[in-house]
Amino acid sequence: MLHGIENLVYGQHEGINPVVTDGTTGLQRFLGITVAGLIAAPAWWAVRRLGRPIRSVEEGMSGTRMPVIETLVNVFLQMATVAAGASVGRENAPREAGAMMASQLAHRFGVDRGTTRLLVAAAAGAGLGAIYHIPLAGAVFAFEILLTTVTVRAVMVVLACSAVATTTAGIVVGDQPLYSTVSLSEGFGNLAVAVTLGIICGVAGMAFRYAASRAEGSAPMGAHVLWALPLAFATVGAMSLHLPEVLGNGRFAATPVLEANPVWTFALALLAAKVVAVLITLRSGAVGGVLTPGFAIGALLGYLVGVVVQPIAPGIPLADFALLGAAAFLSTSMAAPLFALIVTVELTGQSSEAYLALFLACATAALTGEILRSSLNLPKQIQMPWTRRKTDDETPRARRDGGHAGSS
């Protein structure tokens with residue numbers, strides 16, 4: 001389905017060319033995402049207006065039955081809009097689909113609440129692992145973000161689900177890392193860069209986390225989505241006239257700084273455009289994740305820091321800065337440093353030699369974020385579009401329909 005829509009919009013799909021915008025015209029890109037917005041807006045409005053409430057993964061974990069038809073329509077619209085160029089991640093869709101199937105099975109066989117919670121979390125993590133062929137990251141997502149506890153039983157169930165889902169999906173999506181980039185080393189220079197970027201990108205990631213939460217929480221749920229969503233998609237389409245990399249889940253934006261050395265003005269413009277594109281897409285009422293968009297934003301920011309710092313550290317490739325920036329940014333934007341480390345390793349195919357630098361970047365970012373949160377007296381947890389955490393700061397939108405936006 002994803003490849004079919006990419007073929008329709010761009011004339012090629014990621015299975016043939018990882019950057020499907022290559023060779024396309026500005027008008028083609030603009031029309032593709034604009035038409036997608038005009039179709040998706042009434043579809044989302046209809047399913048929210050006429051269907052049963054779309055339940056979040058965490059609601060499914062708590063025992064609420066996730067509806068089949070409404071969830072599948074929501075999943076289909078997410079995949080279709082991202083394939084057409086919507087500036088959010090596609091990882092939320094398989095996560096919700098997996099959680100829904102586990103929720104239905106749990107209710108059908110009458111399993112107890114604790115087992116339901118485990119099965120839904122395991123299926124959600126497995127869905128994430130399958131879509132990008134990142135099985136360990138999917139398992140860590142289930143533990144660190146959803147379950148927040150680890151038992152021997154949970155380890156067996158979560159790892160088994162993630163392994164089976166990733167192996168099965170690998171027949172279609174392949175087993176190659178999403179990004180081809182440098183291999184990080186444990187050199188002193190990289191360790192110093194990791195700490196530096198942990199501070200800078202950690203602050204930026206936390207700011208993005210709160211901005212994304214506010215954008216998602218303020219999104220229209222009624223008839224206003226009929227104009228807000230097409231307008232946001234058309235705005236992103238207009239950006240793509242000069243910056244085609246702004247389209248999609250973030251892969252097109254991260255690739256230039258991970259695999260090449262673009263001029264800094266391009267990276268700066270793309271960074272600003274990507275942040276705006278993600279936030280207005282979430283604000284418009286569209287549904288999607290921010291894992292891969294956050295990875296791209298962090299990579300662009302890290303790259304720009306590298307441009308400034310490299311004159312005094314000429315031996316460190318700019319791609320190292322980009323990779324460490326991505327990990328540090330995710331550490332606070334996802335509020336999950338261990339997940340950020342593992343997902344960065346699996347998305348880029350890093351060896352064990354990269355672990356120490358990535359660990360320092362993620363740990364420094366997490367510490368910086370906690371210090372910042374405490375000093376500014378910010379809420380410890382907020383309603384996150386990609387994790388569905390429910391707290392006292394839960395948004396009106398989340399209360400109305402259980403939350404619609406996802407991960408990554």
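In case you wondered, yes, glycine gets a Cβ from its N, Cα and C as well.
Just so you know, TrEMBL annotations never went through curation; they're auto-generated.
Taken straight from TrEMBL:
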type	residues	note
TRANSMEM	27-47	transmembrane segment
TRANSMEM	118-143	transmembrane segment
TRANSMEM	150-171	transmembrane segment
TRANSMEM	191-212	transmembrane segment
TRANSMEM	224-243	transmembrane segment
TRANSMEM	263-282	transmembrane segment
TRANSMEM	289-309	transmembrane segment
TRANSMEM	321-343	transmembrane segment
TRANSMEM	355-376	transmembrane segment
REGION	383-408	region 'Disordered'
COMPBIAS	389-408	compositional bias 'Basic and acidic residues'
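Between the transmembrane segment (355-376) and the stretches 27-47, 191-212, 224-243, 263-282, 321-343, it is 191-212 that has the most C-beta pairs under 8 angstroms.
Within its own chain, the transmembrane segment (321-343) has Cβ neighbours under 8 Å at 134, 136-137, 140-141, 144-145, 181-182, 184, 190, 193-194, 197-198, 200-206, 208-209, 212, 254, 257-258, 290-291, 294-303, 305-306, 309-310, 350, 355, 357-359, 361-366, 368-369, 381, 384, 386-387, 408, counting only residues six or more beyond its boundaries. Here the listed stretches are 27-47, 191-212, 263-282, and the one with the most C-beta pairs under 8 angstroms to the transmembrane segment (224-243) is 27-47. No contact links the transmembrane segment (191-212) to the transmembrane segment (150-171), because fewer than 3 Cβ pairs that are 6 or more residues apart lie under 8 A.
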